[in-house]
Every structure is written in structure tokens, then in C-alpha cells.
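Undergrad: Here you go, one structure.
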Amino acid sequence: MDFDHDTLVAFSKSWGLFYLMGFFICVIIYAFWPSNRKRFTRAKTSILSGEDKPWR
Amino acid sequence: MPEFFHRKIERSAIGFVLAIIAAASVGGIVEIAPLFTIDETVEEAPDMRVYTPLELAGRDIYVREGCYACHSQMIRTLRDEVERYGPYSLAVESKYDRPMLWGSKRTGPDLARVGGKYSDAWHVAHLINPRDVVPESNMPAYAFLARTALRTDDLSDHLRAQRRLGVPYSDEMIANAVADAYGQAAPDSDFAAGVSERYGEATEVSAFDGVASRLTEMDALVAYLQVLGRLTSAAYENTAVSQEAPNPDN
Amino acid sequence: MVAKLTTSERQSAAVILLLVALAGIAMAAAGRNEAMGVHGLIVILFAGALLYPVLSAFYAPEPTEDRQASYYDEPIKVGIALAMGWAIFGMFMGVWVAAQLAWPNLHFDGAWSTFGRLRPTHTTGVIFGFGGNALIATSFHVVQRTSRARLAGQVSPWFVLFGYNLFCVLAVTGYILGVTQSKEYAEPEWYADLWLVVVWVTYFLLYIATIARRKEPHIYVANWYFMAFILVVAILHIVNNLALPISWGSAKSYTIWPGVQDAMVQWWYGHNAVAFFLTAGFLGMLYYYLPIRAGRPIFSYRLSILSFWGITFFYMWAGSHHLHYTALPHWVQTLGMTFSVMLLVPSWASAGNALLTLNGAWHQVRDDATLRFMMAAAVFYGISTFEGSFLAIRPVNALSHYTDWTVGHVHAGALGWVALISFGSIYTLVPALWKRERMYSPALIEWHFWLAIAGTLVYIFAMWNSGILQGLMWRTYTEEGTLAYSFLDSLVAMYPYYIARTIGGAMFLLGTAIGCCNIWMTIRLVPATVPEEADLPVKDAVVAGE
């Protein structure tokens with residue numbers, strides 16, 4: 001290994017957290033993006049349409 | 001911009017797959033990768049020896065029978081555990097263990113330091129029928145081990161596979177695996193000396209199941225149980241509770 | 001089954017089965033009379049049993065209809081049947097091993113029937129046999145309905161289903177023969193593991209290809225969970241099972257991970273098997289069958305997305321909480337503990353989302369035991385995830401680890417969450433798949449429901465009591481500062497609880513047996529909703545898109 005143990009541990013302890021925060025900022029932006037609202041509403045009601053045939 | 005980005009993910013199932021991998025892989029990488037350099041921080045154990053062929057065969061029987069389902073081999077750093085079972089387990093003590101058998105459940109007691117605590121005869125009687133020795137026990141009876149001859153023809157293969165994974169078995173150990181297995185369970189035979197020579201004077205050579213003429217699975221399992229916690233004395237040095245290592249001669 | 005395949009598809013099915021049989025012959029030859037030889041024979045028999053229907057219908061007339069105009073439901077039906085069969089097997093083994101702890105002579109002096117060998121037949125039987133087949137069947141159903149597309153293969157769904165069951169058979173028979181890696185929940189040996197990789201990659205490709213056929217740009221959230229389940233289980237399985245066999249003719253292998261690394265990899269695997277096998281996939285079921293059964297859309301779609309990424313992200317860090325106070329470095333334990341506590345947020349978001357979906361439909365929950373199964377599953381999911389986060393806190397873990405409390409926690413999740421959501425989904429699915437008006441007997445569903453609830457409660461209360469009692473006895477000191485109880489004292493105190501848990505498990509098993517009868521009677525006796533010919537696809541069945 002090129003890295004010594006302390007470097008790897010320090011990297012693990014810090015970057016995981018930054019990654020976590022960055023990731024969740026993206027997820028929250030996606031979930032609350034205004035124009036996605038219509039799509040989500042459509043998705044959650046479409047499974048209840050009761051149609052039982054493939055679309056083509 | 002995020003809108004564009006996420007639409008792409010939604011449209012493309014592959015992009016979505018990559019996002020799952022990106023989310024899921026980081027935790028494992030962060031926690032596992034540093035363990036590959038752990039040797040730099042783990043305590044040194046210069047006296048650590050490898051399992052003899054007989055002990056390894058016994059360990060494989062322990063694995064085969066699923067003993068880990070009821071017995072742990074990991075003494076935690078808690079006062080009551082140290083007082084009940086002995087010094088807490090060190091990482092170095094399981095460095096030759098494939099798989100590790102730390103366990104997750106104690107229906108029976110921890111076995112990390114059971115080696116040397118009971119006599120061979122006690123172990124044999126206990127394995128044949130636990131309730132003969134401990135009337136309240138709910139352990140299954142392993143009488144069939146005493147009836148089953150130990151398979152030895154592939155012992156060299158076992159050692160060779162272990163060496164390829166990094167366990168320091170020498171050519172001589174691999175070549176003499178079968179003889180050493182016989183020798184360790186037959187103290188008066190010609191093979192016994194080779195065991196001490198290759199694995200150290202402290203290695204217990206004994207007719208484990210009480211019958212030196214026949215090598216059984218009982219011999220192997222008892223040999224393994226008797227070496228548990230005794231491959232190195234590292235745990236007895238520099239730990240909070242100083243204790244004497246069990247003496248093989250008593 | 002075979003009648004719906006074209007000649008070339010029948011050929012490829014036959015070729016695949018012949019290749020499997022050849023692999024079995026090779027195993028039998030290499031393993032001779034060792035365990036691997038026995039497994040070779042099992043593989044040959046398995047392939048032969050499937051080859052027979054393929055060859056006997058080989059020259060039957062080809063299907064004339066446009067198969068793309070209908071869903072591919074036959075593999076789902078067989079998957080449901082297999083899931084229920086494995087449920088009976090796995091739960092029976094569970095009751096048996098539970099009884100062995102109270103009455104140790106119940107292994108009748110056999111080597112094959114000891115607790116150590118039978119216990120993994122229980123865990124594999126229920127987790128992989130019952131849970132896995134239920135997941136494969138429901139995922140095939142959900143992906144087709146939500147994508148409004150037929151499965152993207154004719155032979156591959158069968159390959160996935162039967163290939164997976166071959167893996168389960170090899171696993172369970174292996175333990176009885178003494179073939180095991182002794183890695184908890186990853187016991188099968190190297191050749192079974194390799195086979196599962198082949199099956200699982202096929203499953204993944206089939207799923208992705210089916211999703212790619214959808215018209216809608218958005219993928220419904222239930223599929224997210226199923227995809228995370230398939231994908232992450234593949235990663236976990238491969239990494240944890242890397243091993244070197246001692247020879248090609250031997251069933252024995254040694255894992256490449258030694259000691260402390262093996263411990264971390266094993267529990268990274270073990271905990272995420274809980275996360276992605278026993279949680280993500282079943283949340284996929286919840287997000288589809290609960291709204292369908294209640295006739296109401298999910299309470300908050302956004303919340304389901306947020307909790308999806310939370311679960312996918314956080315769970316992977318949590319495995320090290322299985323190794324508190326061990327030789328694993330302290331900072332890894334702390335990280336595992338922290339993320340385990342954080343996991344409560346997405347877990348309760350999911351459970352709350354499910355319960356809020358039912359808000360306003362409580363009269364349905366009261367009247368319909370199938371919906372009540374799913375409601376109870378969401379409640380138990382909430383309970384067991386709270387308990388999981390709690391047990392991951394280091395000082396709590398000091399008491400609970402190595403005791404029956406862990407076992408109780410696992411069963412609160414496995415019986416209360418996994419099994420209940422599966423039964424609720426299956427009761428929703430069976431009439432729809434077989435085109436029946438309803439299940440044969442609503443009363444039997446009620447019986448099943450109450451037996452399952454009572455059995456689960458008896459079980460987990462027994463294990464809470466025994467676990468906490470055991471943990472406290474181990475750490476109790478006398479006034480002189482010596483340990484108050486020997487290990488044996490703590491074991492003797494366990495016997496009443498071991499008997500109680502056997503009774504709880506038996507009640508749950510009885511409920512499952514009733515469920516099997518009910519499903520069987522539904523298929524046999526309940527009249528079909530539509531005449532058979534109306535089920536044929538209509539040529540001009542073009543459905544309006546967006």
C-alpha cells in the first residue's frame with residue numbers, strides 16, 4: 001500500500017461526511033424541484049389506473 | 001442544471017444504477033479500506049505460530065458443525081467478560097483465521113481462551129454427551145466425532161491453500177502435513193518429534209481422544225479447542241488485566 | 001410453461017439445462033463420493049427434472065398470439081408457489097431448532113441433525129428460500145405493471161427463478177452434509193456462490209431491460225427499491241464470498257479475508273443483507289401492494305424518494321455495530337453506531353409514509369385482513385428499526401450483544417415485517433394473477449393474521465425477557481466484587497423462554513400452513529373473473545400513451 005494507515009483513516013473520517021452532505025443536498029434538490037411535482041403526482045396515481053395490459 | 005441532471009438519471013436506467021452504486025459503495029469503502037493497512041497499528045506478536053495440520057483440521061470441523069452459531073470467540077473489552085473468560089481478544093490473535101469465528105451469539109460460553117482450561121478427557125466426555133458432564137447443558141451430543149476417522153489425505157491441500165492466502169506455512173510443513181497430524185495425536189510415535197520441531201516445543205502433543213492408535217475427528221477438534229487462545233501470549237502482555245497464560249503442563 | 005415458448009426458445013432452454021446437467025456431471029466426477037459429488041448428483045437431477053417438460057413439449061405447436069400484448073405471469077405464479085413451499089420448510093426447521101434448544105436430545109444423535117447444521121437450513125430457508133422467491137416473484141410483477149411492459153425475456157425469467165432455487169437447494173443440502181463456510185447468512189460454499197453470481201447477473205440484466213421498455217420517463221419508486229436490492233446484493237455477495245477452494249474437486253474453501261478484515265467484511269455483508277435483501281426489496285413490495293390494496297396513492301412520493309436514498313446511503317456504514325467492544329478499531333465502531341442511529345430517520349419516514357397512506361382508510365384495515373397484514377408489517381418495521389438503532393448504541397450493545405435480545409430483534413423484523421408484508425402482498429397478488437374474484441376464504445386469512453401476530457408477539461417477548469435477563473446475569477457482581485452468576489446459571493434461566501419461543505414459532509408456522517391451504521383452494525375452487533378466451537390479447541390493443 002502506498003498510503004499509510006493514518007492517512008487512510010483521516011481520509012475516511014472526513015471525506016465520508018462531505019460526500020454524505022453533498023449527496024443529500026442533491027437528493028433534496030431533486031425531490032423538491034418544482035417541476036418534478038407533476039411527475040411524482042402522476043407516478044403515484046398511475047399505479048392505481050387498473051389497466052392490465054402492456055402499453056404496446 | 002440539477003433539473004437537467006436528474007432528468008438524465010430518470011431517463012436512463014443505467015444512470016440510476018450508477019447513482020445507487022455511488023450511494024451504496026462509499027460506506028463500505030470508507031470502513032474496510034483502512035483495515036488493509038491495519039498491520040501497521042496492530043500489536044506485534046512475534047511468538048504467534050500457525051495452526052498445526054491437526055488443529056487446522058479440528059478448526060474445519062468446528063466450521064463444518066456450525067459451532068459459531070452458539071459459541072463466540074471474541075472476548076470484549078468489558079470488565080465482566082475479562083473476569084469471566086480472560087484477557088480481551090486482540091486483532092492479532094485471529095490473523096490466521098479464515099474465516100474468523102468471532103460469532104454473534106452465546107447460547108454457550110465464549111471459547112476464545114478455552115485452551116488449557118479443561119483436560120482432554122473432559123472435552124472428550126463433554127463432546128460425546130454434554131449432559132454426562134454438565135447436566136443442565138443444551139448442547140448437541142457429538143459422539144459421532146469419536147467414531148469417525150479423520151480425513152488426512154487432503155491436509156497438504158489445506159495448508160497449501162492457506163499459504164497462497166498468506167499464512168506462513170513452510171514447504172516442510174506442507175510436505176509433512178499428514179505425518180504431523182498423526183504425530184500430534186500419538187505422543188509415543190516416531191512422528192511426534194516432527195511436530196515439536198516444526199511448530200515449536202510448546203505445541204501440545206497428546207492422545208487427545210485417549211486412543212493413540214487411531215486418528216479421529218475427536219482428536220482434531222479437541223486439539224483445536226486446546227489451542228484456542230494459546231497461539232500467542234500477546235494478550236497476556238500490556239493489557240489492563242495481567243494474568244498468567246494457562247500452563248500446558250497442568 | 002413450455003407451450004408459450006417458440007421453437008428457438010425451447011432450444012435455448014434445452015441447451016441451458018444440458019449445460020447445467022453437464023456441470024453436474026463434472027461436479028459428480030470431480031467430487032466422487034465426497035459432498036461435492038452428492039451435489040453434482042443433485043444438480044443433474046434438478047436439470048433433468050426441468051428438461052423433461054421442455055423436451056416432452058418440444059414439438060408442440062408454437063404460440064400464435066402476440067406475446068408482447070400480455071404480461072408474463074407464469075414465472076410469477078411458480079415463484080409464489082415456491083415461496084410458500086420454502087416458507088413451510090424454513091419455518092418448520094426454525095421450530096425444530098428452537099425446540100432443540102429446550103430439549104437437546106431432539107437431534108436424535110444424528111450428525112446431520114445437530115443444531116449447528118440445522119440452524120442455517122432455517123435461516124437460509126426463510127431468508128433466501130421464502131424471502132428470495134417472494135422478492136423475485138413480486139419484482140417480476142411490479143416491474144411489468146409499473147413499466148406497463150412485458151418482461152424482456154422469455155427464457156431468462158425461468159432461468160432466474162429456477163437457477164435461484166437450485167442455489168437454495170445446494171445451500172440447504174450442503175449444511176446437512178457439513179458443507180458450509182460458517183460465515184453467517186453466507187454459508188454456501190464456493191461453487192454455489194459462483195452459480196448465484198451467474199443467476200443474479202441475469203436477474204439484473206432482465207430487470208434493467210424490462211425497465212428500459214417503459215414508455216413513461218419516470219421509474220416508479222417501488223422499482224428503485226427492487227433495483228437497489230438486486231444491485232447491492234450482487235456487490236455484497238461477491239465481495240464477502242471471495243474464497244480459494246483447496247482443490248477443484250473439494251467443496252472446502254478458505255475465505256481470502258483473514259481475521260479482523262473478515263469480521264468487518266462479514267458484518268458489512270451481514271448487516272446489508274438485512275438492509276438490501278430484507279428491507280429494500282420488501283419496501284418495494286410495500287410501495288406497490290399497499291397503495292393497490294388500499295386503493296389510495298402513497299401519502300408522500302417525495303418522502304419515499306428521500307427515504308430511499310437515506311436507506312441506500314446510511315445502511316452501508318452500519319455493519320460495524322455488530323462488532324462493538326471487539327478487536328475492530330474503535331473509530332470504525334463509532335462510525336457504525338452513528339450511522340445506525342441516523343438510519344432511524346429514513347426508516348421511520350418509510351413506516352410513517354405507509355401508515356399515513358392508510359389514514360382515512362382505517363375501516364378497510366378493520367375489515368380486510370390482507371390490508372391489515374401490510375399495516376401490521378409497517379408497524380413492526382417501525383418497531384424493529386427503532387430497536388435496531390437502539391441496540392447499535394455501544395453501551396446498550398454491551399448488554400444485548402451475544403444474547404437472545406438480538407435474536408428477538410431479528411425476528412421482530414423477520415416475522416413482523418418481512419413475513420407479514422410478504423403475506424399481505426401474496427394475498428393481494430394471488431387473485432389478480434390467477435384471475436380469481438377473491439381469495440377462497442377471508443376467514444382463513446383472519447386466522448392466519450391473528451396466528452401470525454400472536455406467534456410473533458410470543459416469540460419476541462420471550463426473547464426480550466431471556467436476552468435482557470441473560471445480559472444482566474452475565475454482568476451482575478456480588479458485594480464482594482465477584483461475578484454473581486456462572487454461565488451455567490444464566491443458561492438454566494433460559495429454558496422457560498426457549499419453550500415459549502418454540503410455541504410462538506409453531507403458531508406462526510401454523511398460520512403459514514393455513515395460508516398455503518387458502519391459496520391452494522383459491523386456485524382450485526374460486527371461479528375465474530373472466531372467461532378464459534377473453535384473456536387472449538387483443539390485436540389492436542393500443543393503449544394511449546401520455
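Please read every residue number as a count from 1 along the shown chain.
Here the Cβ of each residue, glycine as well, is placed from N, Cα and C on the backbone.
Note that the structure is a prediction, hence the values are computed from the model and not measured.
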Undergrad: Examine the ranges C:11-34, C:155-178 and name the one recorded by TrEMBL as transmembrane segment.
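TA: Going through C:11-34, C:155-178 one by one, TrEMBL gives transmembrane segment for C:155-178.
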Undergrad: Which sequence positions outside the transmembrane segment (C:498-521), separated from its termini by at least 6 residues, show Cβ-Cβ distances below 8 Å to it?
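TA: Hits for the transmembrane segment (C:498-521): 80, 84, 87-88, 91-92, 94-95, 98-99, 101-102, 415, 419, 423, 426-427, 430, 439-441, 444-445, 447-452, 454-463, 466.
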Undergrad: Is the transmembrane segment (C:224-248) packed against any residues at least 6 beyond its ends, judged by a Cβ distance under 8 Å, and which are they?
TA: 30, 135, 139, 142-143, 181, 183, 186, 190-191, 193, 196-197, 200-201, 203-204, 207-208, 211, 254-257, 265-266, 268-269, 272-273, 275-277, 280-281, 283-284, 287, 305, 308, 311-312, 316
Undergrad: Quick one: mean pLDDT on the domain 'Cytochrome oxidase subunit I profile' (C:1-546)?
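TA: The answer is 94, the mean pLDDT of the model over that range.
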Undergrad: Please give the sequence-distant neighbours of the transmembrane segment (C:268-290): residues at least 6 beyond its ends with Cβ less than 8 Å from one of its Cβ atoms.
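TA: Cβ under 8 Å, 6 or more out: 127, 131-132, 134-135, 138-139, 142, 145-146, 183-186, 220-226, 228-229, 232-233, 236-237, 239-240, 298, 304, 311-312, 315-316, 318-322, 350, 354, 357-358, 371, 374, 377-378, 413-414, 417-418, 421-422, 424-425, 428-429.
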Undergrad: So what's near the transmembrane segment (C:80-103) in sequence-distant terms, Cβ-Cβ under 8 Å and 6+ beyond its ends?
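TA: For the transmembrane segment (C:80-103), the list is 115, 118-119, 121-127, 129-130, 133-134, 137, 161, 165, 168, 419, 422, 426, 429-430, 433, 494-495, 498-499, 501-502, 505-506, 508-509, 512-513, 515-516, 519.
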Undergrad: Which residues of the chain, 6 or more past the ends of the transmembrane segment (C:123-143), have a CB below 8 A from one of its CBs?
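TA: Long-range Cβ neighbours of the transmembrane segment (C:123-143): 72-73, 75-76, 79-80, 82-87, 89-91, 93-94, 151, 157, 160-161, 164-165, 167-168, 171-172, 175, 184-185, 187-188, 203, 207, 210-211, 220, 222-223, 226, 229-230, 273, 277-278, 281-282, 284-285, 288-289, 414, 418-419, 422, 425-426, 429, 433.
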Undergrad: If I count Cβ-Cβ pairs under 8 A between the transmembrane segment (C:38-59) and each of C:155-178, C:190-212, C:299-318, C:338-361, C:414-434, which range comes out on top?
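TA: Highest pair count goes to C:155-178.
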Undergrad: Counting a contact as 3 or more Cβ pairs under 8 Å, with residues at least 6 apart in sequence, do the transmembrane segment (C:190-212) and the transmembrane segment (C:155-178) touch?
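TA: The answer is yes, given that the two segments have at least 3 Cβ pairs within the 8 Å cut-off.
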